[in-house]
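What follows is a short report on a single structure.
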């Protein structure tokens with residue numbers, strides 16, 4: 001890696017994954033730099049986390065736009081002003097238009113609180129418990145036009161305990177999210193991780209459908 005990889009983070013909420021990314025990029029040897037944090041909610045606590053870390057912040061209210069395409073076009077303009085190599089979704093509660101996804105093809109990552117392809121969408125921890133699963137976890141994936149459906153990069157597997165509630169399970173999954181998202185961002189920044197025609201590649205090797213698997 002000859003130069004820094006500038007990253008823009010999009011979020012809508014508290015930004016706990018953002019904090020993990022901030023902490024990981026402050027180690028001194030990180031090839032990634034968070035250039036800006038953008039939210040569709042001006043009151044998102046994640047923006048305060050960014051300000052506390054001296055990172056540029058912007059907010060763009062989706063309700064001020066006629067529809068998704070108009071909002072996404074304005075969002076693209078805002079993001080591209082920072083010229084990032086990578087865009088990271090960290091709890092960004094908006095379904096992105098096909099045009100947005102295509103614009104950032106191969107440089108747009110998301111994290112999801114399940115072992116994809118299981119439990120796309122919301123309420124993943126409760127759904128895993130109701131299904132009687134013995135394992136749950138989280139996934140980092142490249143974003144494609146299919147919701148929560150892009151090629152997987154890395155998954156962390158979390159055992160489900162008999163006494164688990166959705167809340168206790170979520171806490172352990174969140175701990176692993178804060179581990180694997182910085183890892184995936186680092187791989188991308190080091191130019192080790194790319195999106196190829198057949199899927200995600202790490203160090204030139206096509207990753208398995210499950211991505212790089214970490215058991216906890």
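Note: Cβ is positioned from N, Cα and C throughout, glycine not excepted.
Of the residues proposed, 58, 68, the one TrEMBL records at the same (6R)-10-formyltetrahydrofolate site as 93, 94, 95, 96, 110 is 68. Long-range Cβ neighbours of residue 16 (N(1)-(5-phospho-beta-D-ribosyl)glycinamide binding site) (same chain, at least 6 residues apart, Cβ-Cβ under 8 Å): 91, 174, 177, 178. Residue 112 (active site, proton donor) and residue 93 ((6R)-10-formyltetrahydrofolate binding site) are 12 Å apart (CA-CA, integer value). Here residue 17 (N(1)-(5-phospho-beta-D-ribosyl)glycinamide binding site) is compared against the recorded positions 94, 95, 96, 110, 148, and the shortest C-alpha distance is to 110.
For the binding-site residues 93, 95, 96, counting C-beta atoms within 10 A of each C-beta gives the highest total at 96.
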